[in-house]
Amino acid sequence: HYELQVIASVEEVKKVVHLVLHAIALILGIIGIYAAFKYHNESSIANLYSLNSWLGIGIIVLYGIQWIYGFVVFFYPEGAAGLRRESLPWHIVVGLFVYILAVANAAIGFLEKLTFLESSGLAKYGAEAYLVNFTAIVTILYGALVIFTVFSKAPQDDDFSYSAI
């Protein structure tokens, strides 16, 4: 009976950490979009002219909807057990979809920035171009690693292994 209480409290802590980390990410995403608009306005650059900007707005809106839905259904006021059980697979799929979109949009953003830099005189094979491309590849590989981690199975408890007395 005590083990079930410990497991339930660990799950509750994991749920709160998940909620808080995603809230921080949502806030930082909104600040990032605000910063982009501010920079464009101060530099007399048009807003919302590229695929990267349109996707960015759409992704942050989807992310916000996903966070609010997760907050209401899984945290407060916490939906009925049946609703939570039916929603969880969709919550995971939509979350992964938004994450993949965000990683893809980051890659598009790196490409867009590199294109602007090259059109303003940056050498196509210069150190800066390599840095941007390397950063984009690392971002994509990290994104793939996160996806593989999500789909990996946790190690199963082995009742026949050594355990402390």
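Using N, Cα and C of the backbone, Cβ positions are placed for all residues, glycine too.
The annotation domain 'Cytochrome b561' is assigned in TrEMBL to 1-151. The feature transmembrane segment is assigned by TrEMBL to 16-37, 57-76, 88-110, 130-151.
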Grab the same-chain neighbours of the transmembrane segment (88-110) for me: Cβ-Cβ under 8 Å, and only residues 6 or more beyond its ends, written as numbers and ranges.
51-52, 55-56, 58-59, 62-63, 66, 69-70, 73-74, 132-133, 135-136, 139-140, 143, 146-147, 150
PLDDT averaged over the residues of the domain 'Cytochrome b561' (1-151)
94
If we skip the immediate neighbours and take only residues 6+ beyond the ends of the transmembrane segment (57-76), which ones have a Cβ under 8 Å from one of its Cβ atoms?
15-16, 19, 22-23, 25-26, 29-30, 33, 48, 83-84, 87-88, 91, 94-95, 98, 101-102, 105
